[in-house]
Structures are given as structure tokens and as C-alpha cells.
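Okay, so here's the structure we're looking at.
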């Protein structure tokens, strides 16, 4: 198969859609590597031929990019067939293949896909059409095209040419059970017995290592090099290291006989001839009728399981169909709980924009895979549009027993972003209680430092709230990089009227101003920093951090739209959030239920410590979250290049390929907008969450409605009557104001709400003891 190299690093492999097969794997064709990948034969093998072999692990994290075509990818938006469509398709896929090859019509190709699906299903294969489409119809040729393109690069890079180098070379061996086996080596130097295995996804499975161990023990001249095209996972490093030690011990040598050459090469899959059956995702898209999103984040999110159990099953399925790294580390390879927006491009009217997200890699995707990618991606997208559609005076939540009527704005309460903020507020109560535990070092230091009354610690009432710290961003390359968007916990004195558990008069009523300020300093030096760290790092606040990153991105879009109207213009400040409602399983969520739960904790005293000498202390935290401001600081280019070297390149690549940033365990995955194709056939855009159910009314044609309706024109303003909009900043709330005032909790609300950031109250009731009797 001829390969054409271009200056841009692209690799184009010839092939027609009709050549797709679902039959058993054919035996690889053994060829000289130069002939197979470079299209010519060289007279001799150079002396410097082959990868370096002196190190067990030889990393070279200098990202490069190459592209390959996968014609089947153009059909990733095909919907599950109806019974009528299956009846029409039958199982003779070869017939439909001939028809499609001749007509060139995508609709005929879809009938071939349906026939293939039905034929393999009848043989006991996949029953879930969407998994079949992704794993088999698209993934099988994708593995071949990607693997071929990666090996073509490696053959050229390491001069694996001339008469000595053969690709897909068969090697016979005997396994540990005495059975005769054959191993097809990606590239083999027949003269020196160097065996090279290419893994574009950075993972070598145990079965391949076991085969190579047997071959190396049975042929004393064999050495193994593994070329990884992505960050090599730790499991692979450990397996290759053990192989090297085993063979060294067997041969009685210290020479490296098995090692890894990490040569990161980001594979960008090109969709040849997109059509009306090509999937365009509606998320991060202001008008799904005009533009759609494609990219690796969408592919990975849709592949991921909805639960750990489902993710484990899916990981096994994809692992068994990932021979050449097409699915990277599998659908469980990304820890989607850490998914956050990291970049948004400047929107241009009629053209949409690009975006990139970052997430940690799952540490052990086979046993503990990541899951929930579809929901987390939707949450980020919905949050960004929520921050755009609602006016910023609504971006707060408030759990205060004195103010049941001001929990949050009703429109904000109809969104997942609002739900996340209020649930984080309640979570804060639990965590402040946890941090105050006198059995911990932090809690003991806090209690010991408080003002004493009659020998007992006495703390005044106060309030806490979560608000943004100044975000660090860099605006360049036609977009904004969200480099750090930390949150902070604020705590200060306030009075509260609602009685807590235990009743009676509180010792705090006798504290002086100086004593109150002393207690504030104690808390701010002990408990507050610990809880703030949890807010910025712990999993229970991941959704809060996720929606806040979207808040930073939304303010950038607001500012760009104010300078020149974009496709977001009709959404901004419309106060219409019908397109981004509460999603399952939280579609019936109610703010009042959260408030009632909180009030019960407050009045009945769920959180209680017992101090020395029989003293009981109830800790009831009353908090808030205020995102009405999103301060940011735009760092200069020099600082960006110094502290985030290569991030611009990684981000750009991530819109086309999953990309590891530098020498980290962080993956960047993006999406890019594209114009929906014109044509006579209706658009079958699928929903963000695939379904196996057919359409209600069987038809031979795909449905023609975009899954997310475009917004109706709406008038800015609205919301709860008691909470008028706050005065807007001229820069769209992106300025680093340095203000500590929770504006959204205060603006336009009665004076009582000025204290709404939250309250922290301790009621202390001393048990009767021998000292009191």
C-alpha cells in the first residue's frame, strides 16, 4: 500500500469505503518495509538503521502530528435502524456494497451498514447498533489506517529500509504450554533479529509481552523495541521492564534486550467526504441548525460508560478491538471526573468556534476506568450557556435559615449549574464540620485558639461563602487559555436570629469586638485554608470547579460578542435557559428540598462534637456560593511561554486528536465547529446520549430534526421580581476587581441578604458534670 509523505506530516492511505469488511482478520501481508510504506526499494540497509536500543525507556516527548483518512468515520452519525429499515436491508451486505460503490450515495452506504449489522447480529454478534458502528464498522478500519500511518512514520524516521527490514514478518515459537504459535512482528531486521513493535496509543498488552518473552528465550539473538506514539502508560513500562529483566537473567547478560522508545506522534483522523450521516454534536454550539462540533472529546465522551460497572465492560470490549491503538487507552482511559474547559476560541459569526478540555488520565483504566464523559461534557456546555443566558446578578446561592425566600433565583434553579452551586454549598457545611473535628490537628488547633469563657472555647456567629479567586488566563491565538481558575473560601462575623439546637443563651453574646476579630483570625489560619484546599482539589467539588471554568469561558465570549456580535448574541442576557435544563438523573431536583434538609441540620444539630469534661458543641455552617464576578488576570506572553511551554501547540492539536501535555498525566481533547453539509437528504444528527431505541415512527429515511432546538428570540431581563439585575461591569465582569464583596448575594436584595454569604454558628450546651454540681 503506497504512502505519500507531505511537508505537513500527513499520511494518506489509499482505500475506498466499499472495501470495508467484517469478516475474520486476514493474515497480514509480509513485505519489505520500504516497499510497503515508502513505495520503493533501497539497495542496502543503512548502518544507523533501526531505533536506539541502549535504554530500557527512551522518552522523547516532542509532539509531532500526522493525519490519516478513515472513510468509515463519515458515517458516525448513522442512527439505529428501524425494523422497516432492517427488513429492507436484509443481510446481504455485499449487494448493498456494490450498489453504494456504483451510486456513490451515502444513503446506499447506510443500507450496507444496516445489512452488515444485521448479518453479524444474527451470528451472535453485537446487538447494540451504536457500539457495533463505533467498534466494528468505524474502529476496525480505523485501527488499520492509524497503525499503518504510525508505522510509516517510524519506518521513515528510523531508516528501517533496505533488504534487511521486513514488516508484518511471521515468527514461529512455542508458548509456555508447549503449543505452536505464530507472532506477526510489525518490523523485523532479519539479519540482526531486532524486533520492533509499533503502538500508537502507548500501550503494549500482556499477551504480546508473553509471546515476545518466549521468542526471546528461544532465539538468543532477538531483541525487542517498542515504539509508542503516545505517553507510555505505567503498566506497559512495568511489563517491558520485567521482560527485559527476565530475558537478561535467562541469557546471563546486563545488556538491554527489551526497551521502549517513546515517540509521541498525535494521530489526527480525517473524515473523508462528510455527509448527512456524519455526526455533528450540538454541545458548545449556539445554533445547531447551522454548525456542529466534531472532535476527540466528543468521540471519547460518547464511548464512555455511564457507571463504573458499564465502563469496565466497555473497556474490555474496546481493548479486544484496539489492536493498533485506534481507541487510544479505551473509553475508560480518561478520568472524566476531572474534565474541565481549558481553552475557547474567539467565536466568529456564522463559523462557531473551537474549544479544548483537559482531564487526568485514569491511573488503571482496565480495573478502574473513567466513566460519565457524556454527562460531564454536557454539564460544561450547559453551564457555559447558562452563564451566557442569565444576567450575572443571578449567579449566587444562599442557605440561610433567616432567608428561606432567597435560596436562589428560580431560573438559575432550573439549570444544572445552579444545582451544582447549591449542592456545593450544602457540601461545604459537612466539610467545615469535618475540618473542625477536635480529634484532628487542624480542628484541635482551632478549638485551642478560640477565646475562652469560664474555661470553655466560645465562638461568635459568622458567615462563610465560596467565591472566585482571580483566574489566570492568556489571550492569544484567537482565543483564551484558562490556566488556573481557583476558588476561595471567605469567612467573617455576622449575627443570625434563627435559634439552633440546645437553646439557651449563647456565650458569644458577651464577646467584645476584639475577641470576635481574634476568633476570625484563628479560623482563617486553621480551618479556612484546609477547606479551601478541599474546594480546589477534592472530587466532591469537581462539578463546582467544572462549571466555574465554564463561567470564565463564558465571560470571554461575552466580551468578544460585545465588541462584534456573534452567534451567541441572541443568547447573552436573554434569561432564557430552556435549552439547558436540569438533566437526568436530576431532572426533578428542587432547591426547596436542599434548603429543608439544611434547615433540619441547622435547627436539630446533626453535627455535634463532644469536648472534654462532657461538653457538647454543635457546629452548624450556613454558607453560600457567589459567582456573580469572574475576575481574571491576563498573563503576558513571556510568562505563558515559560510556565506553559508548548501548551498552545498541544491545545491546537487537541481539536483533532487526544494529546498528552508534555511529561504529565493530563490529556487535552477538543472539538471544532464545522458547517453542516448541504444535500437533498435530511440531517440525521443523533442526540448527545446514544440510544438503542428506534424512532417512534419507522421510516426509510433518517430523522430531520436537530436534537437541540435553537433558541427563540427573547428579551433580556426577567427573573425573580425581588432580585433586579446588578449593575454590569463595562468589561463583561472579566476584570480583576480585587473586591471581596459577594456582589450577587447583595445587589438589589433586601438589607438582610447582605449577610447571606453564609453563617457559621456554634451553640454550646454544657452537660451537668461533677464540676457543675
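All positions are counted from 1 along the displayed chain.
Every residue, even glycine, has its Cβ placed from backbone N, Cα and C.
Annotation comment: TrEMBL describes 21-44 (among others) as compositional bias 'Basic and acidic residues'.
If you look up TrEMBL, you'll see 241-252 marked as compositional bias 'Polar residues'. Tertiary neighbourhood of the compositional bias 'Polar residues' (241-252): same-chain residues 56-57, 209, 212-213, 216-217, 220, 224, 258-259, selected by CB-CB distance under 8 Å and a gap of 6+ residues from either end.
Here TrEMBL flags 280-290 (among others) as compositional bias 'Basic and acidic residues'. For the compositional bias 'Basic and acidic residues' (280-290), the DSSP-based tally of helix, strand and coil residues reads 0 helix, 1 strand, 10 coil.
For 642-651 (among others), the entry in TrEMBL reads compositional bias 'Basic and acidic residues'. Taking DSSP states H, G and I as helix and E and B as strand, the compositional bias 'Basic and acidic residues' (642-651) has 7 helix, 0 strand, 3 coil.
Annotation source TrEMBL lists compositional bias 'Basic and acidic residues' at 693-703 (among others).
If you look up TrEMBL, you'll see 21-60 (among others) marked as region 'Disordered'. Non-local neighbours of the region 'Disordered' (21-60) in the same chain are 1-3, 93, 116, 119-120, 136-137, 140, 148, 151-152, 154-156, 158-170, 184, 187, 189, 191-192, 194, 196, 223, 225, 227, 232, 237, 240-241, 244, 256, 258-264, 663; each lies 6+ residues outside the stretch with a CB under 8 Å from one of its CB atoms.
Positions annotated as region 'Disordered' by TrEMBL: 233-252 (among others).
The region 'Disordered' annotation in TrEMBL covers 272-295 (among others).
Taken from TrEMBL, the feature region 'Disordered' applies to 638-742 (among others).
Annotation comment: TrEMBL describes 743-763 as transmembrane segment.
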